[in-house]
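Trainee: Take this structure first; my questions come after.
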Amino acid sequence: MSSPALLPVSSRRLAALSPSSPVSFYPHHRATLRLSEKFILLLILSAFITLCFGAIFFLPDSSKHRRFDLGLQDVLIPHVEQGRPAGRDGNAGPQGGGVMVHGGGEEHQHRHREEEEQLRKMIRADHERALEEAKEKLKKSKDQIRAEIQTEKNRVAQDMKKREGKQLPHVPIPKLVGINNGDPGDPDTRQKQEKIKEMMKHAWGNYRQYAWGHNELKPLSRKGHTTNIFGNSQLGATIVDALDTLYIMGLFDEFRDGKEWIEKNLDFSVNAEVSVFEVNIRFIGGLLAAYYLSGEEVFKQKAAQLAEKLLPSFNTPTGIPWAMVNLKSGVGRNWGWASAGSSILSEFGTLHLEFVHLSYLTGDPIYYKKVLHIRQLLQKMDRPNGLYPNYLNPRTGRWGQHHTSVGGLGDSFYEYLLKAWLVSDKTDTEARKMYDDAMQAIEKHLIRKSNTGLTFIGEWKNGHLERKMGHLTCFAGGMFALGADGSPDDKEGHYLQLGAEIAHTCHQSYDRTVLKLGPEAFKFDGGTEAVALRQNEKYYILRPEVIETYWYMWRFTHDPKYRQWGWEAAQAIDKYCRVIGGFSGVKDVYSSSPAYDDVQQSFFLAETLKYLYLLFSSDDLLPLDYWVFNTEAHPLPVLRSMNTTLSGNVAFQ
């Protein structure tokens, strides 16, 4: 896997990609053209005219497609307050406002047609107003236009400066339990724990030496590495992602180095187009975790600054955010390959944990409202076979192609339903019900047993089950175990057993390779079980999902096999992925002398090594009754009711 072709992806990624994969990410280079402002405005005028005609043809047709059945004010104008009564933790239930879908009666259809006609009128009025404004602009001289543009730039810059400099409110810190120590007790396990710490020092030290400030490290080339998910800017992704791991391991000198770089260099007012999902889970999650663990205010301030930069991504007709946003301009867009410009379930569905904590720490309910709005939209949509498709168009509110996966494109959406319940101290029952309903549909349609009895989770594509499971999907074993307590119909034992079966299957995918490291995806067709067949599915890029499941299963069962399996994986990583300049992914786990991909992913330090360290630590280090891990393994404290009363914050009243 050549490094330019490989997209570094975290534990819940967009897709299982490889150099020869049919889906790849292409950098978007925009030519810098020296055009006069008048010509730019003419282009804008042309775009408006095109939109006027396009709106007529692309508005939803209720006779062919099912839309969100919500009032216009509830969906298309989310900034208009509806005065909904909020339940406990502010979660509105079915009585909390909006129109519920109860069928397709005449009254319902009539209301739907009226809403669409109202929408058409709104769009026409907006376009006519914009055209008039454009005409007025064209009457002005070039110097006048330049002066107006500069005035607007100055105003925006001043507003941003004021927001970035504002003081955040003082709020009670949730009870923090088990943020250090974790001594496993017995010498053998302690020795393994120390080995994992040594691997972390090797990974961090080489990044520090060869790629400091870059997003990631190329350990063979010994230089910095970045990809388009970070906007090709040097944002120090590895530093932010690794901070809490360093702190948990007691590597405080390294932690202080990272803090100093963040204080002096981490700047989000750059002209960079970034993945909303990736910077949320890596940067906001990493900064929040570092703040809670260390109490250093700089991390909270930086998280709040970045969060404001992400808010423009929600400026869509439905409130479903764009996949990408420019941190400077606020302009958003979606991946070109994602089902006709759709947003992706695992991306817009993986914001809740971080945004709830942002509202808690800043006193601003807007973050909580944004993610709650997404949930309310999803609740009111039809779901084929009870499954959530991976694609949703943020303009029309329609599902894209009917592809459902618990791996790439879908995975962390389900994880965050469960963890929204956990982080609320199990008071967010709405999230728990959505999780339970989703698990019931997944069990019915996606989970199967192979001919030899291996339990696997396939993918649903246009009415057909593909008998393939990705490395990303292996996180689900841990999710089932984590969600077992609180399951409906006394199914706690059932889901714990299901987690154990998934852990066993994923271990088999490791054990059946030459390197004892798992492939990116593996099949269950005919006589082939838990083995990758295609060359572009045989790579291992330091992923954490299997080790993550081992850790959760260890915490809930204390079965020694999970520590044994984890140690096997750690030894294999140290033997085959370790190079002089750090750790690298390998291109073929079935080869005894594989080629390297020359990328040390930031999630290797954030997740893989953290989960290994926790696996060989005592349970009183970050106990799960007090901490919830985001999808990048950044621990966030449970917000118990005694800590979540904020004056003026409707999210926590």
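Count begins at 1; order follows the chain as displayed.
Backbone N, Cα and C atoms are what each Cβ position is placed from, and that goes for glycine too.
From TrEMBL, here are the annotated features:
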- Asp411: active site (ACT_SITE)
- Glu545: active site (ACT_SITE)
- Thr631: Ca(2+) binding site (BINDING)
- 93-103: compositional bias 'Gly residues' (COMPBIAS)
- 104-117: compositional bias 'Basic and acidic residues' (COMPBIAS)
- Cys474-Cys506: disulfide bond (DISULFID)
- 82-117: region 'Disordered' (REGION)
- 39-59: transmembrane segment (TRANSMEM)
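Burial and contacts for the listed features, if you can.
Mentor: In the shown protein chains, 25 other C-beta atoms lie within 10 A of the C-beta of Glu545 (active site).
For Thr631 (Ca(2+) binding site), other Cβ atoms within 10 Å of its Cβ number 28.
Every protein chain shown contributes to the tally, and the Cβ of Cys506 (disulfide bond) ends up with 28 other Cβ atoms within 10 Å.
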Trainee: Sequence gap of 6 or more, C-beta under 8 Å: which same-chain residues meet both conditions with respect to Cys474 (disulfide bond)?
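Mentor: Ile502, Ala503, Cys506, Ser509, Gly518, Glu545, Val546, Glu548, Thr549 - these are the non-local Cβ neighbours of Cys474 (disulfide bond), listed in sequence order.
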Trainee: How big is the gap, in Å, between the Cα of Thr631 (Ca(2+) binding site) and that of Asp411 (active site), rounded to a whole number?
Mentor: 10
